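Q: What follows is a structure written as structure tokens; I'll ask about it next.
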Amino acid sequence: MEVILLERVNKLGGIGDTVTVKPGFARNYLIPTGRALRANEVNKARFEAERAQIEARNEDRKSEAQKVADELDGKTLVVIRSAAETGQLYGSVSSRDISELLKEEGFKVGRSQVDLNQAIKAIGLTDVPVELHPEVRVAITLNIARTTDEAERQARGEDLTSAEAIYGEDINDAAQPDEFFEEDADYDDEAVADAEASDEGETDDAS
């Protein structure tokens, strides 16, 4: 199906271009969202008559989008989620989640504007592109962590996708056998042997 674009559409063209697209894409997306008109003689004449106003409206929207982009540029959103020690999330962070987070921050961004190919399924820092206008894109950073403390550590560049990374090199120090004995203690070997023999005797009596 041929349509006339009313704004720039990625990989298709710019305002006023007549392009051929799949009928479903035109009927379900381009035309109902106001991004295109069906290409026929009536609509071509209509577009040419209104071209100046269409281009002016587009410039206004682009200008507003750029203001939002300037505010979002370099912004980091902290997302707290449950995850395994390997960093794998118990769930995921989707474009809908990111849209809601941005709305909570005061930015009106729809899920379709969040350019996320697939949901995020691990902790860490992830750059996510956001399309505010066909000609205005900005990247935000998601800091996905299990706790706010871990989010701060990730922001400093730490990798927290292993138990050792989370707890430090001394993760098992408290479980070392040496911790249960005094280093210089003088143990009586005969007393230890007598105690073991006594334990064995009690076991035999009980059976």
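Placed from the backbone N, Cα and C atoms, the Cβ positions cover glycine too.
Predicted automatically and left uncurated, TrEMBL annotations should be read as such.
Okay, so TrEMBL annotates it like this:
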- 37-64: coiled coil (COILED)
- 149-159: compositional bias 'Basic and acidic residues' (COMPBIAS)
- 179-207: compositional bias 'Acidic residues' (COMPBIAS)
- 13-40: domain 'Ribosomal protein L9' (DOMAIN)
- 149-207: region 'Disordered' (REGION)
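Tell me about the setting of these features in this model.
A: Residues 1-7, 46-47, 51, 54-55, 58 of the same chain lie 6+ residues outside the domain 'Ribosomal protein L9' (13-40) yet bring a C-beta within less than 8 angstroms of a C-beta in it.
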Q: Let's see if you can do this one: DSSP helix, strand and coil counts over the domain 'Ribosomal protein L9' (13-40), in that order.
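A: Result for the domain 'Ribosomal protein L9' (13-40), in helix, strand, coil order: 8 helix, 7 strand, 13 coil.
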